[in-house]
Amino acid sequence: MKRIHVAVGVIIDPTDRILIAKRPEHLHQGGKWEFPGGKVEIGETTEQALIRELKEEVNLTVFSSEPFIKLSFDYPDKQVLLDVHSVIAFTGQAKGMEDQQIKWVSKAEVIEYNFPEANQPILEKIISKQQ
Ligand SMILES: Nc1nc2c([nH]c(=O)n2[C@@H]2O[C@H](COP(=O)(O)OP(=O)(O)OP(=O)(O)O)[C@@H](O)[C@H]2O)c(=O)[nH]1
Ligand SMILES: [Mg+2]
């Protein structure tokens, strides 16, 4: 099976809240919460994919991002490489462009949501960075 390279954004607003979105039921890991993002296409860098996906999915314009964590995870039906970046420099009003529910949550609240199993190390790193 080919590992799918995914650009994922931990988007943090000036009040230190993080943007999460609910994956539509019919998709892989559907019904769970996620950090917005999607597959890196051929010829794209991770940053380019992140900019494109965050515009498409939540209507935010990203100016820069920082590598946050990179992790491989094998689901029974899919292998993913989550290339996670933190995003602080962005403009726009977040909106679920694919009719998905979105929420801004504090770093303490984020662990109360049900994420795909692969996301565990991301959540741990977010919590450990809490002041
Ligand atoms: N965006 C995103 N994908 C995640 C997360 N955690 C995780 O396991 N994934 C997995 O990464 C894979 C690709 O993400 P995706 O479905 O968002 O890709 P995409 O936006 O390009 O979707 P598309 O193929 O419908 O265009 C999915 O199998 C998904 O389950 C996460 O926090 N955010
Ligand atoms: Mg996506």
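Numbering starts at 1 and runs along the chain as it is shown here.
Just so you know, glycine gets a Cβ as well, placed from its N, Cα and C.
According to TrEMBL, the 8-oxo-dGTP binding site annotation covers R23, H28, E34, F35, P36, G37, N119. Taken from TrEMBL, the feature Mg(2+) binding site applies to G37, E57. Under the heading domain 'Nudix hydrolase', TrEMBL lists 1-128.
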In sequence order, which same-chain residues at least six apart have a C-beta under 8 angstroms from N119 (8-oxo-dGTP binding site)?
E34, F35, L82
Round to a whole number and give the Cα-to-Cα distance in Å for the pair P36 (8-oxo-dGTP binding site) and E57 (Mg(2+) binding site).
7
Could you give me the DSSP helix, strand and coil counts for the domain 'Nudix hydrolase' (1-128)?
28 helix, 50 strand, 50 coil
For 8-oxo-dGTP, what surrounds R23, H28, E34, F35, P36, G37, N119 with a Cβ no more than 8 Å from their Cβ centroid?
V6, V8, A21, Q29, K32, W33, F115, P116
Tell me, what is the mean pLDDT of the domain 'Nudix hydrolase' (1-128)?
97
Which value in Å gives the longest Cα to Cα span across the 8-oxo-dGTP site residues R23, H28, E34, F35, P36, G37, N119 as recorded?
14
Among the binding-site residues listed here, R23, H28, whose Cβ has the fewest other Cβ atoms inside 10 Å?
H28
Can you tell me which of R23, E34, F35, our binding-site residues, come within under 6 Å of ligand 1 at the Cβ?
E34, F35
